[in-house]
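In Swiss-Prot this protein carries:
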- 116, 117, 118, 119, 120, 139, 167, 182: S-adenosyl-L-methionine binding site (BINDING)
- 182, 183, 184, 185: substrate binding site (BINDING)
C-alpha cells in the first residue's frame, strides 16, 4: 500500500518542465479527487485501482504524451473542454485572441466566424461571454467538428453553430462582423515539431508550408468576401511572424492593422479592419 506523498515523490517526471503539476493532475484524476485533496491528505493510502491507473498514465506521460490527451480534457478561458489527438490542445496564449475579440467588438449582437475551431475553444469562449453573439465555428476535420459539437452541447451554448468547412469553402457567401482564427503557422522544417508535447499533436493543425504562412495567406486573401463593411479579421500567428502578417493584411487593403503581444512579450495576434 502506497500513500499519496510517497507516490508523488517516487513518480517525478524529470524531463518535464511542469513535472510536479503533471504528476499531481494525473494522480488526482486517477483518484477522482481535486488536487487540493492530495495536499490536504498526503498520508492517505491510494486505492489499488487508482494506483494502477496512475502508473499507466505516468508511463504515458514519461513517453511524452500530453497530460490533456491522457485525461481527455483541458481548461481554456473559464471552460473545461474535451480534447482528443485529432485536435490541438488549447493553449493559454490563445486566450489573448479571445480577449482581443471581446475588446475589439463592443456590440451586444454580432455575427462571428471562428476558422479552424478544433475543440471549439475560441468560439465557445466568445459565445459564453457574449450570449447574444451568433458564432459559427468551422473545421475541415470531421472528428474535430464532432468534438467541438460535443463541447458545445455539454456547455449548453445555443448561440454557436458548428459545421464542417475548409476555411470558407462551405459558407456560401455568408458575411460576418468578425472573423477570428488560430490557423497552422509553423514552418515544415521547424525542429520543434519533433520535440515535447507537440510530437503528439496533428501536424495538419500545426504546419503551413515552408514559411508557416500558407494558410494565413489564404485566409487573408479570402476573408474580405466574408466580412461585413468595417468588419474585423483577427489572427494568431508565430512569435516571429508579426511583420509578415501585418504586410499581408495591409497589402490586401485592411486598415488599422496592428499586432498585440502575449504575456511572454512575443508578437502573437494581428488584426485589421475591412472597409469596402
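Placed from the backbone N, Cα and C atoms, the Cβ positions cover glycine too.
Note that the structure is predicted; figures quoted are calculated from it, not measured.
Shown are the binding-site residues 117, 119, 182; of these, the residue with the fewest other Cβ atoms within 10 Å is 182. Looking at 116, 120, 183, the binding-site residues in this record, the fewest other C-beta atoms within 10 angstroms of the C-beta turn up around 183. When the binding-site residues 183, 184, 185 are screened for a C-alpha within 10 angstroms of the C-alpha of residue 117 (S-adenosyl-L-methionine binding site), the residues that qualify, in sequence order, are 183.
Taking CA atoms as the reference points, residue 119 (S-adenosyl-L-methionine binding site) and residue 183 (substrate binding site) are 13 Å apart. Reported as a whole number, the C-alpha separation between residue 120 (S-adenosyl-L-methionine binding site) and residue 183 (substrate binding site) equals 13 Å. Comparing the Cα of residue 185 (substrate binding site) with the Cα of every entry in 116, 118, 139, 167, these being the binding-site residues, the smallest distance points to 116. A simple Cβ count within 10 Å picks out one of the binding-site residues 118, 184 as the most packed, and that one is 118.
Counting only same-chain residues at least 6 apart in sequence, those with a Cβ under 8 Å from the Cβ of residue 139 (S-adenosyl-L-methionine binding site) are 116, 117, 118, 145, 148, 164, 165. In the three-state DSSP reading, residue 139 (S-adenosyl-L-methionine binding site) counts as strand.
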